[in-house]
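**Student:** Can you read through this structure? Questions will come right after.
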Amino acid sequence: MARKSNLPVLLVPFLLCQALVRCSSPLPLVVNTWPFKNATEAAWRALASGGSALDAVESGCAMCEREQCDGSVGFGGSPDELGETTLDAMIMDGTTMDVGAVGDLRRIKNAIGVARKVLEHTTHTLLVGESATTFAQSMGFINEDLSTTASQALHSDWLARNCQPNYWRNVIPDPSKYCGPYKPPGILKQDIPIHKETEDDRGHDTIGMVVIHKTGHIAAGTSTNGIKFKIHGRVGDSPIPGAGAYADDTAGAAAATGNGDILMRFLPSYQAVEYMRRGEDPTIACQKVISRIQKHFPEFFGAVICANVTGSYGAACNKLSTFTQFSFMVYNSEKNQPTEEKVDCI
């Protein structure tokens, strides 16, 4: 009788543990913006082969750089107003809070790789422009042209359309009608219309990636070639910690995609992580970030992905007539393949 009555008691802790495992969100976890499946797979392979969260983020973003995801990541896309493709990237370690980033990187294809070298081999956070290229070469990266026939054609067509759209305002000649060079009107009294950006809504498809290792270590990163026909030297939100992405082992991680010139003003990734630190569900945290920006820029294009320390994840986006749903990729220990998920924009 004693043996029979003790058996259920002995099983209680085991059954409780099993129930808790099923109810908790599984780790490891990879989440990235947009349906960039191969990037998700590359990150997962890095984890499966014993790599760290940083290794996974670097591998995933590097895959998109090689594949030129959606023309908005890597070489051969988004030429600036001079016809040059430049790259921004960042990687962040949520354990040490170290960050490595590059902005306006020229003639180096593997931007996320250079960003990691900044993290590992300097005490700096961000290197930019030609100096970032010099650093990359010292780290063994190859200096090569990032332009392609496709990017050159995009630029030629833009010039033929009188440089429309562009990102200038309050200058002469009128940027809504003519190409530059531009200059401030100075003391000349001229009726210069306020220039309204007419960007392609899908022209900001940065890859942002969040990885949570099975040990709980968290990393996040980004890579992009920015926006088409940007002013030469422009750096977006992607390489800015707290804007493009943010990671903290004690709270979670987030990454943003969209109009970087607006997003960076609100540090959405940092804000989302802080919401999760307070106990907000990842989806709610993402929605709150979007709502904060909406109050000032109701027509902005943008989305955010979030994941907390348990592996729960979510996303949110700003609803526009041309953008009503946001797609992102998820891979965790319960899935046998990367899965595309969608959220309705708010």
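Placed from the backbone N, Cα and C atoms, the Cβ positions cover glycine too.
Taken from Swiss-Prot, the feature active site, nucleophile applies to THR206, supported by experimental evidence. The substrate binding site annotation in Swiss-Prot covers ARG234, VAL235, GLY236, ASP237, THR257, GLY258, ASN259, GLY260 and rests on experimental evidence. The disulfide bond annotation in Swiss-Prot covers CYS64-CYS69, CYS163-CYS179, CYS286-CYS306, CYS317-CYS345, and the record cites experimental evidence as its basis. Among the features that Swiss-Prot reports, N-linked glycosylation site is placed at ASN38, ASN308, with the record citing experimental evidence. Sequence annotations record features per position, and here Swiss-Prot assigns blocked amino end (Ser) to SER24. According to Swiss-Prot, the signal peptide annotation covers 1-23, on the basis of experimental evidence.
Tell me about the surroundings of these features in the structure.
**Tutor:** Residues within less than 8 Å, Cβ to Cβ, of THR206 (active site, nucleophile) and separated from it by at least 6 positions along the same chain comprise THR33, SER72, VAL73, THR222, SER223, THR224, GLY236, SER238, GLY244, ALA256, THR257, GLY258, GLY260.
All protein chains included, ASP237 (substrate binding site) registers 32 other Cβ atoms within 10 Å of its own Cβ.
Around CYS69 (disulfide bond), the same-chain residues six or more apart in sequence whose CB sits under 8 Å from its CB are TRP34, PHE36, ALA39, ASP205, ILE207, listed in sequence order.
Here CYS179 (disulfide bond) comes close to LEU159, ASN162, CYS163: these same-chain residues lie at least six apart in sequence, with C-beta atoms under 8 angstroms from its C-beta.
Same-chain residues at least 6 positions away in sequence with a Cβ under 8 Å from that of CYS286 (disulfide bond) are, in sequence order, ALA254, ALA272, VAL304, ILE305, CYS306, GLY314, ALA315, ALA316.
Around the Cβ of CYS317 (disulfide bond), the number of neighbouring Cβ atoms within 10 Å comes to 27.
Listed in sequence order, the residues of the same chain lying 6 or more apart from ASN38 (N-linked glycosylation site) and placing their CB within less than 8 Å of its CB are MET63, CYS64, GLU67. Mapped onto three states, the DSSP output places ASN38 (N-linked glycosylation site) in helix.
Of all Cβ atoms in the protein chains displayed, 26 besides its own lie within 10 Å of the Cβ of ASN308 (N-linked glycosylation site). When secondary structure is read from DSSP and collapsed to three states, ASN308 (N-linked glycosylation site) falls in the strand class.
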**Student:** For CYS317 (disulfide bond), which of the recorded positions ARG234, VAL235, ASP237, ASN259, ASN308 has the nearest Cα in space?
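**Tutor:** Of the recorded positions ARG234, VAL235, ASP237, ASN259, ASN308, ASN259 has its Cα closest to that of CYS317 (disulfide bond).
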**Student:** Given VAL235 (substrate binding site) and ASN308 (N-linked glycosylation site), what distance in Å do their CA atoms have, once rounded to a whole number?
**Tutor:** 28
**Student:** Taking only same-chain residues 6+ apart in sequence, whose CB is under 8 Å from that of ARG234 (substrate binding site), what do you get?
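**Tutor:** In sequence order, ASP80, ASP104, TYR167, GLY226, ILE227 meet the Cβ cut-off.
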**Student:** For THR257 (substrate binding site), which of the three DSSP-derived states applies: helix, strand, or coil?
**Tutor:** strand
**Student:** Could you check what DSSP calls CYS69 (disulfide bond) once collapsed to helix, strand or coil?
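**Tutor:** In the DSSP reduction, CYS69 (disulfide bond) maps to helix.
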